[in-house]
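Student: Below you'll find the structure I mean.
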Amino acid sequence: MTDRTVSSAPARRPRRELSEGQLAAVLLAPALLVLGAVLLYPMLSTLYTSLLTQKLTEPWLGTPFSGLKNYVQLVHDARFWTALQHTLVFGVLTVSGSFLVGVPMALIAHWEGRLRPYARVAMLLPWAMPPTFTALTFQWMFNGQYGVVNDLLVRLGGEARSWLTQPVWAATALILTIIWKTSSFVALMVLGGLQGVPRELTEAAEVDGAGSWVSFWRVTVPLLAPTLAVAFIFRAISALQVFDIPYAFSGGGPAGATETLGIYIYRTSIEFLDFGYGAALAVALFAVSLGITAVYVRYVRGDQ
Amino acid sequence: MTAVRRFQHRPGATVWRALGYAALILGGLFPLLWMILTSFKSEDELSRFPVQYLPSHWSLHNYRLVFSEQPFATFFLNSLLVSVVSTALCVGIAALAAYALARLNLRRRGLYTTLIVTFSMFPVISLMVPLFRIMRGVNLLNTYPALILPYTALSLPIAILVLVAFFSGIPRDLEAAAMVDGCSRVGALRRIILPLSAPGVVTAALLVFVNSWNEFLLALSLTTRPAMRTVSVGVTLYQGEFSFPWPLISAAIVIGLVPIVLLIVVFQKRFVAGLAAGGVKA
């Protein structure tokens with residue numbers, strides 16, 4: 001509104017100009033306000049709650065300050081360690097799986113050809129699909145009695161499995177589901193990186209007699225390294241925090257075989273109504289995420 | 001140029017190319033295709049093994065049931081409203097902040113960027129309980145703002161980072177010229193920077209919309225009334241304690257994917273280019 005008066009009536013008395021620093025503060029204020037109120041304050045509140053005893057199931061306890069008691073409990077909690085172990089094992093498998101699938105996907109989607117738009121839609125869909133949709137879709141595909149996965153396995157001479165009721169196979173199915181969903185993200189990042197690789201460079205290498213394979217490894221891959229590193233950090237963080245897909249896919253079961261840290265935090269807080277301990281678990285998850293974030297921030301800063 | 005042509009015309013390359021495309025397209029789209037097929041089948045056709053791939057007759061029966069068993073139209077409109085408003089709010093706020101970060105003489109710019117990146121790494125699950133309490137405290141549970149505010153905040157970091165990347169790419173001379181002509185700083189943002197970084201704005205908007213449309217945990221915990229549910233929670237409501245009416249769930253999923261698929265189909269080219277230029281978390 002203010003700019004309209006300025007541009008349409010240059011003759012009018014000039015407004016008192018804000019200094020650049022003041023203007024920057026004004027422009028940043030809404031963002032910082034929203035981030036502060038909706039992300040930072042709740043996070044601090046979780047930090048504080050983690051130092052309290054706060055169980056809705058035992059309201060007579062009140063909410064006394066209990067120091068590090070929740071963290072001591074955490075260290076001795078076998079279920080926490082199991083959930084952490086699941087999270088790490090799933091993390092290693094799904095992150096590496098998403099690169100193994102996602103990088104070739106990006107290379108294919110980068111080809112010029114009539115099918116490229118279709119390839120891109122197919123590449124983007126898993127990324128953009130709501131995680132609960134993905135979970136339910138794959139749950140149906142992995143159905144032990146009537147699932148299409150078993151059907152295809154049998155047709156190819158394999159053996160039908162009861163995917164969702166046996167711990168190891170449920171975990172396998174979940175990992176495959178997450179790889180399907182997240183490969184797309186890796187492919188998207190790598191495709192972005194590939195578009196930044198100047199074509200002259202790969203062409204020059206090939207003119208110099210390098211095969212396309214050699215030029216790929218010697219020219220393209222090194223140029224992609226920063227993109228791959230960033231994609232890796234983001235994938236690692238989202239793998240640690242994974243919740244939606246396992247929750248909707250298997251709910252942590254069977255027998256806790258797919259319970260990740262995210263699911264355990266949810267159960268502790270929402271189902272067992274133990275807010276204090278749930279908060280301590282959440283802080284533990286946050287601490288690990290923050291560790292990876294610190295690596296990223298350092299990396300980004302080194303870039304500038 | 002010749003090198004590229006040579007690769008393209010190498011014997012065998014066409015076959016590999018066809019196989020590659022087929023694998024990518026089939027791999028990406030098969031689950032959706034499977035849900036579309038399932039959504040047209042009857043419960044009876046589903047309980048067969050080996051699996052019957054195509055429905056015996058195509059009927060919209062399940063699609064009608066989706067709307068009568070649950071208020072799915074309401075879920076859909078809720079999602080649409082929450083996502084559109086969050087997107088507008090988030091991109092607006094992000095544009096202001098990004099302009100300050102990309103263009104203005106700002107002390108501690110690095111600190112702000114670090115803060116914003118750190119915010120983007122907060123696990124949503126550690127915010128769930130306090131957000132529930134805050135929303136209850138200010139009487140916002142089961143209202144649209146209870147979702148719009150967190151969705152705006154959760155996508156702000158990524159929107160800011162994308163826009164900073166785009167704004168930084170615009171020559172400063174253009175702005176300087178506009179300001180000599182009497183445009184204010186904010187006017188320059190609105191008239192020069194925003195139009196020129198339209199691809200960035202579209203990329204940011206798509207990211208926010210998709211994030212908001214897909215969000216599950218907060219939608220699950222900050223709304224409890226059926227009339228306030230969103231589609232990502234809504235699709236999980238068809239399952240009974242021991243039963244999964246897959247044709248219904250499939251139909252709900254297919255309907256819930258329509259906006260996402262439309263956006264992808266319309267914007268795929270621009271979006272990939274935008275992310276490449278923005279070079280940040282997708």
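Residue numbers in this text run from 1 along the chain shown.
From the backbone N, Cα and C atoms, a Cβ is placed for every residue, glycine too.
Where the annotation comes from TrEMBL, it is an automatic prediction and has not been curated.
Pulled the feature table from TrEMBL, pasting it below:
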TRANSMEM  A:21-44  transmembrane segment
DOMAIN    A:84-296  domain 'ABC transmembrane type-1'
TRANSMEM  A:88-109  transmembrane segment
TRANSMEM  A:121-142  transmembrane segment
TRANSMEM  A:168-194  transmembrane segment
TRANSMEM  A:215-237  transmembrane segment
TRANSMEM  A:275-297  transmembrane segment
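Can you walk me through where each of these features ends up in the structure?
Tutor: Remote same-chain residues near the transmembrane segment (A:21-44) are listed as 286 (criterion: CB distance under 8 Å, separation of at least six residues from the stretch ends).
Long-range contacts of the transmembrane segment (A:88-109) within its own chain (CB-CB distance under 8 A, at least 6 residues past either end) are made by residues 116, 119-120, 123, 171, 174-176, 178-180, 182-191, 193-194, 228, 231-232, 235-236, 239-240, 242, 258, 260.
Long-range Cβ contacts of the transmembrane segment (A:121-142) within its own chain (Cβ-Cβ under 8 Å, at least 6 residues beyond either end) map to 105-106, 109, 148-150, 163-164, 173, 176-177, 180-185, 187-188, 191, 244-250.
Long-range Cβ contacts of the transmembrane segment (A:168-194) within its own chain (Cβ-Cβ under 8 Å, at least 6 residues beyond either end) map to 86, 90, 93-95, 97-99, 101-103, 105-107, 109-110, 123-127, 129, 131, 134-135, 138, 142, 149, 161-162, 220, 223-224, 226-228, 230-231, 234-235, 238-239, 242, 245-246, 249-250, 253-254, 257-258.
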Student: Given a Cβ distance threshold of under 8 angstroms, which distant residues of the chain, six or more beyond its ends, lie next to the transmembrane segment (A:275-297)?
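Tutor: Cβ under 8 Å, 6 or more out: 43, 46-47, 49-56, 63, 66, 70-71, 73-74, 80, 230, 233, 236-237, 240-241, 261-262, 264-265, 268-269.
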